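Visitor: As annotated in TrEMBL:
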- 7-171: domain 'GTP cyclohydrolase II' (DOMAIN)
- ARG49, ILE50, HIS51, SER52, GLU53, GLN70, GLU92, GLY93, ARG94, THR114, THR149, LYS154: GTP binding site (BINDING)
- CYS54, CYS65, CYS67: Zn(2+) binding site (BINDING)
- ASP126: active site, proton acceptor (ACT_SITE)
- ARG128: active site, nucleophile (ACT_SITE)
Amino acid sequence: MSIEFVASSSLPTRWGDFTMHGFVVSETGKEHVALTMGHWQEDQPVLGRIHSECLTGDALFSQRCDCGYQLESAMHRISEVGQGFILYLRQEGRGIGLINKIRAYDLQDQGYDTVAANLKLGFAADLRDFSICQPMLAHLGIHKVRLMTNNPQKIKAMQEASGIEIVERVPLAVGDNPHNHFYLQTKAKRMGHLLHIDNDNDNGQS
Ligand SMILES: Nc1nc2c(ncn2[C@@H]2O[C@H](COP(=O)(O)OP(=O)(O)OP(=O)(O)O)[C@@H](O)[C@H]2O)c(=O)[nH]1
Ligand SMILES: [Zn+2]
């Protein structure tokens, strides 16, 4: 898969001024975005987040997941350091797309957990492809990353993408609430996420 850089612009945000970089995957026309703040040397580890699109959590204030909280926290931390990046990948619903995520949420309303709902719909638990990160990061001059994530599979996928070294995992455990508590428990138990979630606040499905 090849990805083409198209244009950059400024992006003033609540956490300061980022630069926004637009990319297009040549084969599919799929559009992805990177945000950067500050400058770095080629051999310097850079704080960053590889964030998968979640329209509901990132833009519609949903409490069903932790995505919006993680995005906000990552941007805030980058602004505190004065340097870093966000890759905002358009892989909605762990790659199944928005409409299928709504179908999965409907199943979760009926008692399935987030993994079982994907399987019931005929999808793997996670369909994302992180191979596009390597050329995006290379374009930004980033070769070593301090990655904000709780997902060891994401680190593994990144390490398998040649040329990118994850030198540190920076935990990003934020946004636990009664609506997403069961979802976070499921991510810890069934997807291996490094989250310490209590069992005593389980309100059932989310
Ligand atoms: N299919 C499906 N996708 C979901 C669901 N809840 C959130 N998502 C998507 O999951 C993606 C985020 O993945 P997560 O598993 O929350 O976290 P991660 O990015 O793997 O790991 P972190 O770096 O720790 O956040 C986004 O694309 C969301 O749209 C769900 O119930 N079903
Ligand atoms: Zn989400």
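Residue numbers in this text run from 1 along the chain shown.
Glycine too: its Cβ is placed from the backbone N, Cα and C atoms.
Remember, TrEMBL labels are computer predictions, not curated facts.
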Visitor: Can you name the recorded positions among GLU92, ASP126, ARG128, THR149 whose CA is within 10 A of the CA of CYS54 (Zn(2+) binding site)?
Guide: GLU92
Visitor: Rounded to the nearest Å, what's the C-alpha distance separating ARG94 (GTP binding site) and CYS65 (Zn(2+) binding site)? Just drop the number here, would you?
Guide: 12
Visitor: Reduce the DSSP letter at ARG94 (GTP binding site) to three states and note it down.
Guide: helix
Visitor: Return the residues near HIS51 (GTP binding site), defined as same-chain residues 6+ apart in sequence whose C-beta is under 8 angstroms from its C-beta, sorted by sequence, else 'none'.
Guide: ASP58, CYS67, GLN70, LEU71, ALA74, ILE86, LEU87, TYR88, LEU89
Visitor: Ranked by the number of other Cβ atoms within 10 Å of their own Cβ, which of the recorded positions ARG49, ARG128 ranks first?
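Guide: Counting every other Cβ within 10 Å of each candidate, the maximum falls on ARG49.
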Visitor: Given ARG49, HIS51, CYS67, ARG94, THR149 as the binding-site residues, which ones have a Cβ positioned under 6 Å from some atom of ligand 2?
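Guide: The ones that qualify, in sequence order, are CYS67.
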Visitor: Between GLU92 (GTP binding site) and the residue listed as 'active site, nucleophile', how many Å separate their Cα atoms?
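Guide: That comes out at 9 Å between the alpha carbons.
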